[in-house]
Amino acid sequence: MIQPQQPYTGQIFQPTQTFSPTAPQPFYGNSFEDEPPLLEELGINFDHIWQKTLTVLHPLKVADGSIMNETDLAGPMVFCLAFGATLLLAGKIQFGYVYGISAIGCLGMFCLLNLMSMTGVSFGCVASVLGYCLLPMILLSSFAVIFSLQGMIGIILTAGIIGWCSFSASKIFISALAMEGQQLLVAYPCALLYGVFALISVF
């Protein structure tokens with residue numbers, strides 16, 4: 001005879017929990033309101049971009065070394081694109097030359113400034129300063145859209161723009177790297193670099 005099955009009244013064995021996992025704490029907060037803006041996470045500061053642009057446009061203005069020593073490539077990328085776009089309006093498709101010459105020039109200035117300065121400089125800082133100081137060259141390439149720069153007026157205008165770019169770049173470099181009394185030594189290679197950009201604009 002099969003005896004009727006008795007219901008089980010015991011408890012199921014449950015192991016004791018020795019590790020209590022804690023939820024990972026969010027870095028910025030528990031809600032979307034506590035998170036920083038996207039531009040701040042990307043390192044784009046429009047106030048610093050505007051101050052650097054004004055420093056380049058006003059060559060006699062004293063450069064703030066703390067702001068100029070930042071690695072900011074948003075403004076230089078925009079200025080390189082604008083320079084290539086104005087060359088394109090003049091019928092010159094030179095985007096590859098603009099970026100290639102920029103990369104070689106930044107590498108050369110990086111090596112030169114690390115040899116000249118006591119503190120040293122990062123490659124991003126050199127690229128940022130040289131890119132911001134390309135802004136007057138955009139004005140030159142814009143003039144080349146309207147009239148030819150191969151006359152005497154064009155030569156004078158081109159020489160003035162090269163001097164403007166190189167003076168602004170050397171001023172920023174000596175203020176950011178504390179290289180007092182060496183502005184002419186820094187301005188000479190800067191003038192050679194911006195002279196190549198000017199040749200692209202003129203011819």
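Glycine too: its Cβ is placed from the backbone N, Cα and C atoms.
Per TrEMBL, the features are as follows:
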DOMAIN    56-200  domain 'Yip1'
TRANSMEM  73-90  transmembrane segment
TRANSMEM  97-115  transmembrane segment
TRANSMEM  121-147  transmembrane segment
TRANSMEM  154-179  transmembrane segment
TRANSMEM  185-202  transmembrane segment
Review point. Residues of the same chain, at least six outside the transmembrane segment (154-179), with any C-beta under 8 angstroms of its C-beta?
Key: 55-56, 59, 62-65, 68-69, 113, 116-119, 121, 125, 129-130, 132-134, 136-137, 139-140, 143, 147-148, 186-188, 190-191, 194-195, 197-198, 201-202
Revision key, fill the gap. Helix, strand and coil residue totals from DSSP for the domain 'Yip1' (56-200) stand at 110 helix, 0 strand, 35 coil
